[in-house]
Amino acid sequence: MDFSIKGCDWSKGEAKGFLTGKSDCIVLGIFEAQTLSGAALDIDTATKGLISRVIKAGDMDGKRGKTLFLHEVSGIGASRVLLVGLGKQDAFNQKAYNDAVTAAWRALLATKVVQVTFTLAQLPVDERSSDWGVRAAILALRNETYRFTQMKSKPEPASHTLKRVVFSVDPSDEKAAKVAVKQAVALANGMDLTRDLGNLPGNVCTPTYLGNTAKKIAKDWGLKAEVLGLKQIQALKMGSFLSVARASVEPPQFIVLHYQGAAAKAAPVVLVGKGITFDTGGISLKPGEGMDEMKYDMCGAGSVLGTMRAVAEMGLKINVVAIVPTCENMPGGNATKPGDIVTSMKGLTIEVLNTDAEGRLILCDALTYAERFKPAAVIDVATLTGACVIALGGHNSGLFSTDDALAGELLDASREANDPAWRMPLDDEYQDQLKSNFADLANIGGRPAGAVTAACFLSRFTESYPWAHLDIAGTAWKGGAAKGATGRPVPLLAQFLIDRAGQ
């Protein structure tokens, strides 16, 4: 799909090219107050009051998400006009904008339009410029057009015909909007990779498959990939990671992916992604109902790989290292048992009270490994706890950090990227719940504050660098009729790196 940018100040009579240019449809926003302004006012004038008459007749009330097509409109070059309800003008915020653009894309994709002129990006949204609106609109469109068909014997072809979108933006935002197009396409491509990896079944997306995916990203985008096997992991003394992997016939992999966009001496940001490609719970076996969704337990790894692809496509001037410990968590005669004690790469001993709290066991060794890069910051991403889903639901990812400045950067990025996160507590008092009579610490801290104690466990392995943890158990995938991976938190991570790179 092709996206282009055209500057236009509708209030200054600069709309002639839009009014006369050939297009299958021009998209206009209407507030509930039904007062026309900007593009809608110019189009109304050019069509001799058609939009005003439609509103007066009651066919478009401006309620959020409502759409109405006007066909064979005279006075303009577009063969159709799509009116999109924006809701109340004084309540028009990021969510209202996203609702409006999503409604517009759904309406357009149900038709046979090929080329569209899109004016909604110029709407005032929380004092954001139109380049932000362009990026959000492209991501919304790519979200609507994403389909996972790789495992179908006869994949259905795309039903829409849309091929080209021309965005009208404020002239002062034209240059930034062109950058936004590039970033949005790269982000969408990274999110699609993340979704594809999550949606693949566990018998396809194995640890070896993730390792090969990292190698392909490296080959396609000029990165450096290292994929360590069992013997190399053993040599590193990653006893905690290996305690999870030991009962599976699938060999574990430890993936390290390097992107160098800045000077070699510049400290990298390290992203660590949990890569449990299927989680049965091990000896602490999960209930059978819904266990199929445990193929999504590698979505932390998928989001890190998707972010690396997006960063490479954007060409960010920053150094980034991705680390992915990946294995299956299976029961078996040689599986780790509740009560077993294992030794981490750091040397700390861990009493494994529950083998279904395995994500932290593979992440802790990866976080120790990250020290060798002398990182500027480390962010781990994991579908870590059901407790985080109970606390935050499916809207916000849980953010934990021992560094207030880093947490602030991530929260700012989450708002800019429309990929919400909520900071959770990480007080020292919670550490007491991880005490063990027999080892340095236990891998669980009981039912109270389960998401917090999981993050507290990880914090024991992050004392030498600024660190944050994103628990995406509630946001990485959806269940029900819309079942599938979401691609989150690729937008948040990518925006954080864009901000760090100053781009």
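Backbone N, Cα and C define each Cβ position, glycine as well.
What Swiss-Prot records for the Mn(2+) 1 site is Asp356, Glu358, and among Asp279, Asp432, Asp440, Asp471 the residue it adds there is Asp279. Among the candidates Asp297, Asp340, Asp380, Asp403, the residue that Swiss-Prot annotates alongside Lys274, Asp279, Glu358 as binding Mn(2+) 2 is Asp297. What surrounds the Mn(2+) 1 site, by Cβ distance within 8 Å of the Cβ centroid and not counting Asp279, Asp356, Glu358, is the set Val244, Ile276, Thr280, Gly281, Gly282, Ser284, Lys286, Met294, Asp297, Asn329, Thr355, Ala357, Gly359 from the same chain. In sequence order, Val244, Gly275, Ile276, Met294, Met298, Asn329, Gly359, Ile362, Ala382, Thr383 are the same-chain residues whose CB sits within 8 A of the CB centroid of Lys274, Asp279, Asp297, Glu358, the residues recorded for Mn(2+) 2 being left out.
Among the recorded positions Lys274, Asp279, Lys286, the ones whose Cα sits within 10 Å of the Cα of Arg360 (active site) are Lys274, in sequence order. In three-state terms derived from DSSP, Lys274 (Mn(2+) 2 binding site) belongs to neither a helical nor a strand segment and is classed as coil. Comparing Cβ neighbour counts within 10 Å across the active-site residues Lys286, Arg360, the minimum falls on Lys286. When each of the binding-site residues Asp279, Asp297, Asp356, Glu358 is scored by how many other Cβ atoms sit within 10 Å of its Cβ, Asp356 comes out lowest.
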